[in-house]
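What TrEMBL says about this protein:
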COMPBIAS  222-232  compositional bias 'Basic and acidic residues'
DOMAIN    325-348  domain 'C2H2-type'
DOMAIN    356-382  domain 'C2H2-type'
DOMAIN    386-410  domain 'C2H2-type'
REGION    222-242  region 'Disordered'
REGION    271-299  region 'Disordered'
Amino acid sequence: MSPSVLEKCRYCITTLQTVVTTLAEPNHQNGRIRDQVNDQLERFSLWTGNIGTLHRPDSPMSLETRLSEAGDVLSYVLNLLDDLSEVTGELLQIVAVERERTVAPISNDDCKFSNDDVEQSKEEDLNEQNELLKEINECVTRLFRVSSLVHQANPTDRFAKALSRNRYRFNDQFDIAHVAAKFPKLATEEFTWLRRRLGRAITHRRHYLCYIQDHREKLDNPLSREELDRSPAPEPQGYTNKQLHDGKLLLDCSSRPSTFVTKASSLTPGHITPRMLTAEQESDSEDDTRSYTTMSRSVDGDLESSTLERIPKLEELKITGQGEFECPFCFRMKKMKKFKNEHVWRRHVFADLRPYVCTFPECDVPYYGDINQWFQHEMQNHRVSYTCRICNSKTFYLKERYLAHIRRRHPDILEDGDEQVVLEISRKPLDQIPAQDCPCCSSLIDRLNERAEMLGLPTSTPDNVLTVFPIHFKRHLASHLEQLALFAIPIGSSVEGEVNSNVAIEVDKQTLSGKSDFSPLSFDSSIREIQETFTVRVGSVGPMV
């Protein structure tokens, strides 16, 4: 019976660990090679834990189970592991021979060789070590690609899955109270429904973070890894490739006991083709499908620094010289080069946390991870006006008033059709949004009034509504939702730590006093640009019908 994925991975890990240990001995001078081998060991260990290779083949968390219906992909992985086993074994042999040559006493026969011969031999060994390291790097890179393809080919809504688990149940009253303390406008009775919705959304994010962390720990199989760490480092000169592969270096494995049942998602046949597996250029399609082109200014300007600290910096997540890292908010393997800057990285974090919640009553759409999809929903379904084509394009901003107008002035329109059809025909997204419509704060309208007074323009009144363009309103409201979403991440636990306790909820002087610190909407500093903006916005809507 051929070795399992677990056995092959353990052999590779043990061999690489032995190489690192041997190269770390005082008589070894090549620290650069040791560091490179250690980098590859860290990369490979990261891969094994992320995809569940440290489980027995019959475990529901094992890679064999996940790829049970994709035999070609499993065979490809096994072949890669065979290649990796071969090159790591060759590297160990070279290091072992070099070690023996260094520590062995000089005999009379050795005197026949000149210093030039010895140096040439060392140089040849070094060149071969470099070549083997390149092969190891290539094998591990391809394994990472398989991992990415497996996740991509079997997409699941893990956020929804987390919410369906009874194991994760937290008291949402803490988070609802935080919303009220953060945004006093939401503490009023008028916005009770929205305060509860936003608070429960924070609690749901805690459910999600706990679920993915538990699932990741199950995949990693800590019990198996502890056994591996406790195993004695083998003496390299005493083993051949076969002895390493067949001997006691391969420890017995048992799946980690658990208080809840979990299973890795299986891959559907045909989703990964041989061409995808062997492609030279890696394409992280999971990331490429997300749009990062429209960036919310709130990621920089409107988010408080104390809140942003909950998102780790990219450099903090980089643990190998190759640039891969494991996202602590989705536990998917990511390449550092995919994130051109911190802005793009934060956008990915928000995509995982799904901060964007519909802010209109009686709407139960799921949380959004994409700012544009969320606002498109609000603009197409809620932030709309209704135009009567018969009455010189008279515009109504409330559905009820438009329908009342139709019933009173044009009742014949409703005779042959229902109201929904009439609404669909006449509805269109708002060109501009009243600044006072922010449900979380009054800072937007206050800032506009200040600017209007400074420029000698009319301020906001019932007959003169100050408005902003939808893109500005989107950024402003999104900043509030993003602040609330980040509250689900415990302080000091952005990379590692527990997320399953309400004790992690921040209580500071600001919360206790009921005060909130709002950042203003960013406006152009140029007075001319401000005035041009106000020329469009002030009085453009008129009385709200």
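Even glycines carry a Cβ here, placed using N, Cα and C.
Just so it is clear, the model here is predicted, and its values are computed rather than measured.
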Residue list, the domain 'C2H2-type' (356-382) vs rest of chain: Cβ under 8 Å, 6 or more residues beyond ends. 159-160, 193-194, 197-198, 201, 204, 290-291, 294, 296, 350, 429-430, 439, 470, 474, 477-478, 481
Taking helix as H, G and I and strand as E and B in DSSP, count the residues of the domain 'C2H2-type' (356-382) in helix, strand and coil. 11 helix, 2 strand, 14 coil
Mean per-residue pLDDT computed across the domain 'C2H2-type' (325-348): 89
